[in-house]
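Now, the feature entries from TrEMBL:
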TRANSMEM  B:21-45  transmembrane segment
TRANSMEM  B:93-115  transmembrane segment
TRANSMEM  B:135-155  transmembrane segment
TRANSMEM  B:167-191  transmembrane segment
TRANSMEM  B:203-223  transmembrane segment
TRANSMEM  B:269-289  transmembrane segment
TRANSMEM  B:301-319  transmembrane segment
TRANSMEM  B:339-358  transmembrane segment
TRANSMEM  B:370-387  transmembrane segment
TRANSMEM  B:541-564  transmembrane segment
Amino acid sequence: MNAGLIGPIVSLVAGGLLASVSVFGLISSQTAAPSKSPANAEAPAFDYGTTTE
Amino acid sequence: MTDAGARSTARSTARSTARGLAPILWSAALAVLLLGGALGPGYVLTYDMVWVPDLAVTPDVWGVGTALPRAVPSDAVVALLDSVVPGMLLQKLVLLALLVGAGAGASALVGGRSLGVRVFASTLMVWNPFVVERLVIGHWPVLVGYAVLPWLLLVCRRWEAGSRVPAAVPVLLVLGSLSASTGVATAVALLAGGWRRGARRRAAGLVSMAVVANLPWLVAGLLHSADATSAGSGARVFAASSEGPLPGPLAALSLGGIWNAEVVPTTRLGFLSVVWLVVVGALAILGWLAQRRTAVQGWSALVVCWTVGVGLAMLSWAAPGAVGALASHIPGGGLLRDGSRLLALAAPLTVVVAARGVESLLGWTPDRATRVLVAGLLAVVPVALLPDAALGASGRLDAVDYPAAFSDARAAVQAAPDGDVVLLPFTSYRAPDWNDGRKVLDPLPRFLGRPAVVNDELYVDGRPIPGEDPRAREVGEALRLATPADRATALADIGVSVVVSEQIAGQDAPEVAGETTYAGDGLTVTEVAGDVSVRDAPVPWVVAMVVAWLAWAALLVGGAVVAARNRFRTRQ
C-alpha cells in the first residue's frame, strides 16, 4: 500500500473511533437516571452539595 | 527591496500573524461552545456564582462586614466595574475572557512549537474537568486565577536575573488574587516562577508583591480572626473526591475530583473519565520522555506548581482529619479545606507536558497531510472526551432573567430606614423555579443593594456545617423567639431594619412584626417595628482596610501605568 495513504487512513479510523466513543459517552450520560435527587424536599434547607461518599 | 521581496515579506508577516492569532481564535471558539446558553440574555446563576444588575458597594464588599471575607476582593472589583459596564454584560465578558485568556496563555506557555501543538495546549487548558466543574459550582475568581497562571509563569520565565520587575507581574498578580484560595495559588506560581537561586532581594520583592496583591482578604481575615476558624467537619466534606471509576488521587491527576458530585459532568462518571486519564497520561509520558532529551523552559517552576496543587488535593483526600484540624484551629486554615481548588496549579504542567507528547507524536508522521490530520484530531480530543461540557455544561449554565418582583423589592428595601437586611427563610441557598430549579447562593443579598446578614451555615448531604458569622448566629437566635413582636425587637436591637421573606415550599419563614411595604410574586418586604440600633464598622477596621485597599490599588495602578508606558515607548 502507498505509504502516503497509511496516515490518512489511520487518522480516519482513529477519528471515527474517537467520535463513536464520545457519542456513546454522551448518549449514555444523557439517558442515565440521576444517582441522587438534586434537592431534598424533606430537608430544612437546600443542600449546597452532595458528596460521593 | 524588489516587489517580489516585499510581497514575500508581507506574506511571511501575514502568516506569522495568522499563526499567532490562531490559538486565540480557537480558544474563543471553544469558549463560546463551552459557555453556550451562558452567553444569552440574562445572568448565569449557579451555586456560588451570583451576578446582579448593579452590585452595591456595601461594607461586606470592602471586608468590614461581620461575615468572613469570602468574596474579597472579587465583589469590590465587580461593584466598581459594574457601575461602568452593566452587570449582565460584565459577567459574560469575564467568563469569555477568562477562557480565552487561559487558552491563549497555554499556547504561549508551550512556546514556538507547531501550530497543532499550540492549539492542542489551548484545548486542554480550556476544556478539562477542572474548568467545567469550577464553572458549574460558580468559582469564577478561581478560574480568573487559573487563566492568569500560564501568563504569570511565562512572564517569570522571561524575567532575567538583575532586571526590573516586568510591569505585567503586578497586574497579573492582582488579577489572579480575586479570592483567598486563588490568591494563594497565584502566589505559589509567582514564587516558583520568579525565584532565582541566591537572589535575596528578588525573593523579598516577590514575597512583598504577593502579600500586597492579597492584602485586602488577608487584612479582612485578620480582622475576623476571632471567627476565622472553620468547622473541621467541612474538611472531610470538601476533600478531593473520587469521580466515577476514578479514586480521588487519579481524579486529581486528571484535573477533576471536586467534592460536590452534583457539579461533575455525567460523562466523568463513566468510562470516558478513564479514557481521558489514559490518553492525556500517555501524551504526558511521551512529553516527559521528550523533555528529558530537550528540557522545557521553566520546567522546575511547572513541577513545583503541579506538586503543590496535586499534593494538597491528595492530602485532603488521604488525611481530611489533619486538614480539618488545621481549619478548625488556625485562622485561615479553612482555605485548604476545599482540597481540589488549588488543582489549578497542576494544569500548566499537565498541558505543557501533554503538548510536548503531541509534538513527539506529530514528529513520527510520514508527511505533512498526515501531520495536519493527526494534529486536527488531537486538537479535539479533550472536547470529545468531555462532550457534555459543551453548550453551557449541557444547559446548566444557561442565563436567566431575575423576576420583576426583585426590582420592586429592591426599591422597597432601598426606601427602608437605615439598618441591615435579613432574608427569610434564613438559609443560604435557593433553587428557584425561574432559575430552572438550579441551586444558587441566595441572590437577594447582592440584588437588594443593602448590607445583609446572611446565614452562612451550609448543608451538605443533608447535614449542617456550622457557619462563622457571629451576627448570623444572633439573627438565628432572634428568629427563634416566641412571638413576631419579640423577633422584631431582637432584630432591631442587632441593627436589622428590614426583613425580606420569600415563599419557598417546605421552608418556614418566621413572621416578624412591622410594616409591610411590598408584597408580590412570593416576596414580602417588612420594615421591622422598633428602634433600630444601627451598627457601624469599628473605626480601626475601616482604617486597616483603607490602608490595605490603597496598597492593593497602588500595586495594580503602578503596574498598569508602567506597562502602558513601556508599550508606548516600544511603538515609538
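A Cβ is built for glycine as well, from the same backbone N, Cα and C atoms used for every other residue.
Where the annotation comes from TrEMBL, it is an automatic prediction and has not been curated.
Within the chain carrying the transmembrane segment (B:167-191), a Cβ under 8 angstroms from the stretch's Cβ atoms is held by residues 69-74, 77, 139, 141-142, 144-146, 148-149, 151-153, 155-156, 159, 203, 206-207, 209-210, 213-214, 217, 221, 301, 304-305, 308-309, 332, 335, 338, 341-342, 344-345, 348, 552, 555-556, 558-560, 562-563, 565-566, all 6 or more beyond its ends. The list of residues near the transmembrane segment (B:269-289) in space but at least 6 beyond its ends in sequence, with Cβ under 8 angstroms from a Cβ of it, reads 124, 129, 243-246, 250-251, 253-254, 256, 350, 352-361, 381-382, 385-387. Take the transmembrane segment (B:21-45) and the stretches B:93-115, B:135-155, B:301-319, B:541-564: counting Cβ pairs under 8 Å, B:93-115 has the most. Remote same-chain partners of the transmembrane segment (B:135-155), defined as residues 6 or more beyond its termini with a Cβ less than 8 Å from a stretch Cβ, comprise 34, 46-50, 74, 94-95, 97-99, 101-102, 105-106, 108-109, 125, 166, 168-169, 172-173, 175-179, 181-183, 185-186, 189-190, 192-193, 258, 260, 263, 265, 298, 301-302, 305, 341, 344-345, 347-348, 351, 393, 396-397, 440-441.
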